[in-house]
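A.B. asks: Sending over a structure as structure tokens; questions will come in a sec.
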Amino acid sequence: MKTPRIGFVSLGCPKALVDSERILTKLRAEGYSLVPTYQDADLVVVNTCGFIDAAVEESLEAIGEALRENGKVIVTGCLGVRESEIRARHPQVLKVTGAHAYEEVVEAVHEHLPPLHDPFVDLLPPEGIKLTPRHYAYLKISEGCNHRCTFCIIPSLRGNLVSRPIGEVMAEAERLVAAGVKELLVVSQDTSAYGVDLKHRTDFWGGRPLKTRFYDLAKALAELGVWVRMHYVYPYPHVDDVIPLMAEGKILPYLDIPFQHASARILKLMKRPAAAENILSRIAEWRRICPELVLRSTFIVGFPGETEADFEQLLAFLQEAQLDRVGCFTYSPVKGAAANNLPDPVPEAVKEERLARFMAAQAEISASRLQSKIGRRETVLVDEVVEEGAVARSRADAPEIDGQVFIDGATHLKVGDWAEVIFEEADDHDLWAHLADH
Ligand code: SF4
């Protein structure tokens, strides 16, 4: 009997990637095989993103391509809540399901491409199917979000915060590490709120009681002996508690904190979590405890009502905060977002001009922070080996979004190796290094 073959297109953020991995793990457990081309597939699943308009268009195009090249298409993911829009453009799709609807997707696959009677359960590796390279993996600790930032529709797509019990998260982390993963990237919509919905309930890992709470998770993950990187952390007061773990080298001295703005007025209009915290003095204190701390953030310029004075406050914040890595977007309205109804939209040309000024100011800061690393010895993790040498990442660099470390000539290294290097050069984004023992 022929194995049913699935093609899978995964779009969107790391959180969507984790959803894709879950769906694939389930299908693979049932005996489906995963194939890399439309032509080889009996059916294609497209996991979409609906966060901003550009992502919606990309998702609709991906659905169109899958229909042209294969013809049997099931759509899932964030865009799934806008089924009428998908059907208006692509009436032939077999089924549309929303984000976080694993069972529904799997049922739709069963309906249109039945599984074999005797599932090849033993073909499934215990760590599940990973779409990231084997040496790093995203660890999703919760779904949804209790906040209602006015520019964001994620809570309406994914619902309120639902945390996974800490025992379950730790068991998954342990399996990943046993399968060779060297770096765990903790993701969610709001990592520091982990466990709030469960009232920080006690759960068990290896027979040991642990509270379902951000600090306890960080401390337990630190015991696994791999890099642990925290993403999407909001600066609630209890975030201070994990900084000593970073200073002691237990988890990576890295915090991805989406600040989005620095003007109190704009943050209020955005309804941002933890907006009232005094960020600059917190950052100073964190760096005092952990001088190695790397801070990454994202910002939005041109939010409705942003005045030149608000924007200048943001630039002054950048100078003071000296963040290591920063992403910035101009505000663009997302269908269904509350911010669309705010008065005083900022003209496009002003948004673009502010973006350029922001990026120029931050480029200098990022470059000087990287320059200060020249001459330092550090351990890096190899992501890729090419003809000229190895491409690695330092503790300061998350995959896909931050910089890289190029080690010329180190072609003997393998993907997933640790290497001791000395940084010798830097540009605005990346570092060049040689092996410490050469
Ligand atoms: S914290 Fe705000 S931006 Fe982040 S998912 Fe929740 S509502 Fe959206």
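First residue shown is number 1, and so on along the chain.
Yeah, the Cβs are placed from backbone N, Cα and C, and that goes for glycine too.
Remember, it's a predicted structure, so these values are computed and weren't measured experimentally.
Quick paste of what TrEMBL says about this protein:
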DOMAIN    4-114  domain 'MTTase N-terminal'
BINDING   Cys13, Cys49, Cys78  [4Fe-4S] cluster 1 binding site
DOMAIN    131-368  domain 'Radical SAM core'
BINDING   Cys145, Cys149, Cys152  [4Fe-4S] cluster 2 binding site
DOMAIN    371-437  domain 'TRAM'
A.B. asks: Checking proximity to ligand 1 here: which binding-site residues out of Cys13, Cys49, Cys78 have their Cβ closer than 6 Å to it?
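C.D. replies: Among the binding-site residues listed, not one has its Cβ under 6 Å from ligand 1.
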A.B. asks: A 10 Å Cβ contact count, applied to the binding-site residues Cys13, Cys78, Cys149, Cys152: which residue has the minimum?
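C.D. replies: Sparsest of the binding-site residues Cys13, Cys78, Cys149, Cys152 by Cβ contacts within 10 Å: Cys13.
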A.B. asks: Going by DSSP, is Cys49 ([4Fe-4S] cluster 1 binding site) part of a helix, a strand, or coil?
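C.D. replies: In three-state terms, Cys49 ([4Fe-4S] cluster 1 binding site) counts as coil.
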A.B. asks: Would you list, in sequence order, the residues of this chain other than Cys145, Cys149, Cys152 that have their CB within 8 A of the centroid of the site's CB atoms, where the site is the one recorded for [4Fe-4S] cluster 2?
C.D. replies: His147, Arg148, Phe151, Ile153, Ile154, Pro155, Gln189
A.B. asks: Let's see if you can do this one: DSSP helix, strand and coil counts over the domain 'TRAM' (371-437), in that order.
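C.D. replies: Per DSSP, the residues of the domain 'TRAM' (371-437) fall into 1 helix, 33 strand, 33 coil.
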A.B. asks: Compute the C-alpha separation of Cys149 ([4Fe-4S] cluster 2 binding site) from Cys78 ([4Fe-4S] cluster 1 binding site), stating it in Å without decimals.
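C.D. replies: A Cα-Cα distance of 17 Å.
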A.B. asks: Count the Cβ atoms, other than its own, that fall within 10 Å of the Cβ of Cys49 ([4Fe-4S] cluster 1 binding site), considering every protein chain shown.
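C.D. replies: That number is 21.
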A.B. asks: Whole-number Å only: compute the distance from the Cα of Cys49 ([4Fe-4S] cluster 1 binding site) to the Cα of Cys152 ([4Fe-4S] cluster 2 binding site).
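C.D. replies: Counting only the Cα atoms, the answer is 13 Å.
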A.B. asks: Using a Cβ-Cβ cut-off under 8 angstroms and a sequence gap of six or more, which residues of the chain neighbour Cys145 ([4Fe-4S] cluster 2 binding site)?
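C.D. replies: Expected: Ile154, Pro155, Arg158, Asn160, Leu161, Gln189, Asp190, Ala193.
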